[in-house]
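One structure below.
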Amino acid sequence: ERLCENQQLTTPYSTSRHLHPVCRVSAAVRSQHSAAAVSDDERSWTGQESLSQDDPEMWELLQKEKDRQSRGLELIASENFCSRAALEAQGSCLNNKYSEGYPGKRCVCIFFGTFNLKSKYSVVNTLMANRLSLSQPESGLIDYDQMELTARLFRPKLIIAGTSAYARLIDYSRIKKLCTELNAYMLADMAHISGLVAGKAIPSPFKHADLVTTTTHKSLRGSRAGLIFYRKGVRSLDKKGKEVMYDLEEKVNFSVFPSLQGGPHNHAIAGVAVALKQATTPMFREYIAQVLKNSKAMAEALLKKGYTLVSGGTDNHLVLVDLRPQGMDGARAERVLELLSITANKNTCPGDKSALTPGGLRLGSPALTSRQFKEADFQQVVDFFDQGIKISLDVKKKTKKLSDFKSFLLEDSETASRIADLRRRVEAFARPFPMPGFTDH
């Protein structure tokens, strides 16, 4: 027995309403179907099976990855540990729903509140950006004088200020002054430092920039996504004193949707919204303050051990270690540290000629700070790091090519034993620290 009725439904593809037949199965028929399903294992599927039941192989992989993260030292500056609340929002029933168009005012207010913005900005949820930097090889600092000379020569339409591997504060005011002179747009990429901006620990680019881009999973500690903020209202005055308005809204929005994206991922937006709300709390500001303390403690410990830091130190969450004075490169050091359960990433330094074997390593404090590491803990981390570099130097003396270096690490019994012993000590140190997120995966 089936009862059918007409019901008005709104589709995500149109604002008009259509009549759709909705069929309902009687209780008796539903009971028969349930009984049949229970009696026949091959036909029973409810969607309520756990991952461990439905796909044991994938469940085992997740548990292994959780264990790797728990016993290792995460020093990649662009990585962090997402909170359980944000993960729950992302893994929710919102995954089931298509949407189309732009977010409503409530969603936008959450984004604006995190960075104390007013209506002169708007936001869309995606990220595409390129970066170009000028730095002084001797100091590692941005060469603002050279930037101004180059900009006046080429007269770009867009100047980008990014911090993916820059450990110092950016003079947004000076860059904005140059952009005004050249009638160029200023884009601030704060993907790495957005958590520090939200936590009011460093100056905000919003006062000066025409556009601001950020990811949400680094120092913001949210789920993986991206945001573009663009300025609205009056941009300048022409020669006659007439107001020239910003025209970014339509261009940015159209570039995102429908040009690059279709339906937005509601579950991802929910995860971001949860993380951004967390970023407005006193607890998050305490976290960011500790991120800075830990990063400075790490920098000081590295300097005491004789390492060279690009720019000489740090004002944010990362340090860029120049290994060239030690006779080491980032590619070899990265591999040895990986075998020690210490994850870091190779990075070019000013004057480098190759991105495959760059001279440096980029280290960050956000992830381990999320695991409640303090300054003294980072001093121990630097000690482990230093022991790893010493192994790298010893192996480099015995090999020539990078491929030979990597093979020697695994094939030489003495080296393999040194690595195994140090890895055990690293993991014994790391494992007791708590991990955000779910307990078992």
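Glycine too: its Cβ is placed from the backbone N, Cα and C atoms.
What TrEMBL lists as domain 'Serine hydroxymethyltransferase-like' is 51-106, 135-384. Look at TrEMBL and you will find K218 tagged as N6-(pyridoxal phosphate)lysine.
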- Item | Sequence-distant neighbours of the residue listed as 'N6-(pyridoxal phosphate)lysine' in its chain (C-beta under 8 A, six or more apart) | A77, S78, E79, N80, A191, H192, S194, G195, P366
- Message: According to DSSP, collapsed to three classes, what secondary structure does K218 (N6-(pyridoxal phosphate)lysine) have?
- Response: coil
- Across the domain 'Serine hydroxymethyltransferase-like' (51-106), DSSP yields 33 helix, 2 strand, 21 coil
- Rounded mean pLDDT within the domain 'Serine hydroxymethyltransferase-like' (51-106) lands at 91
